[in-house]
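As given in Swiss-Prot:
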type    : residues                     : note
BINDING : CYS21, CYS23, CYS26, HIS225  : Zn(2+) binding site
BINDING : HIS76, HIS78, HIS143, ASP164 : Mn(2+) 1 binding site
BINDING : ASP80, HIS81, ASP164, HIS222 : Mn(2+) 2 binding site
Amino acid sequence: MSLTLTLTGTGGAQGVPAWGCECAACARARRSPQYRRQPCSGVVKFNDAITLIDAGLHDLADRWSPGSFQQFLLTHYHMDHVQGLFPLRWGVGDPIPVYGPPDEQGCDDLFKHPGLLDFSHTVEPFVVFDLQGLQVTPLPLNHSKLTFGYLLETAHSRVAWLSDTAGLPEKTLKFLRNNQPQVMVMDCSHPPRADAPRNHCDLNTVLALNQVIRSPRVILTHISHQFDAWLMENALPSGFEVGFDGMEIGVA
């Protein structure tokens, strides 16, 4: 069975359009909703199971009815990646497994008052675990809070989800070089910069990383309005694409 990944959000905490900004990218997004960007998140479908990657969307309860998905897979506990959990936890129904890094603090009072969310499913770096037949490997990332990317594998597919990060730790880079993903969804918040940014990648960083990893298809996510404005005037190299909210990626 094929693996399907849908990008439900491709922006950062600021979103696109950014409040009060009149740059070309923000003006375009106000005119045309297809250019809007919500918090970085995704949906993985495999073996009739649905996994939600991160929970930054405000309308999760409207998008998903009880029992319509199996679990959350969190990259980290910054607010723009978990804010949708706060109202959802007070719902009625069966417990919902939440897989994620062993962050002792979490976010605000989520751990103290989890409601129907089951946060006991902490994962460890490079230790493979199974989600309804999907093999998942947590990959340490470079961010201001404990953050994991994930390599998602089936018998025929290999997809990497790498957000939020500034570059990659050496062990993660080596692992991806030796386990080349067919598709790599990669944090790229910034246009090319002379200096390497903190917490998120710029385009120069992503290009350099893929010279090592050599994924044939790189899809950029966590896009800022500044990068969108740059993209309106510049083209990406072959093999690189800009993700958009609602983008569906099938990997046979």
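One is the number of the first residue shown, and numbering goes on along the chain from there.
Positions of Cβ are set from backbone N, Cα and C atoms, glycine also.
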Shell of the Mn(2+) 1 site beyond HIS76, HIS78, HIS143, ASP164, same chain only (C-beta within 8 angstroms of their C-beta centre): THR75, TYR77, HIS81, LEU141, SER144, LYS145, THR147, SER163, THR165, ASN199
Secondary structure of HIS76 (Mn(2+) 1 binding site) (DSSP, helix/strand/coil): coil
For HIS225 (Zn(2+) binding site), the one of HIS76, HIS78, ASP80, HIS81, HIS143 that lies nearest, given that the binding-site residues are compared by Cα: ASP80
Same-chain residues at least 6 apart in sequence whose Cβ lies under 8 Å from HIS143 (Mn(2+) 1 binding site): HIS76, ASP164, THR165, ALA166, ASN199
Nonlocal residues around HIS222 (Mn(2+) 2 binding site), in sequence order (Cβ under 8 Å, 6 or more apart): THR10, GLY11, GLY12, CYS40, SER163, ASP164, ASP187, CYS188, SER189, HIS200
Candidate binding-site residues HIS78, ASP80, HIS81, pick with smallest Cα gap to CYS26 (Zn(2+) binding site): ASP80
Sparsest-packed of the listed binding-site residues (ASP80, ASP164) - C-beta count within 10 angstroms: ASP80
Candidates HIS78, ASP80, HIS81 (binding-site residues) - the one closest to CYS21 (Zn(2+) binding site) by CA: ASP80
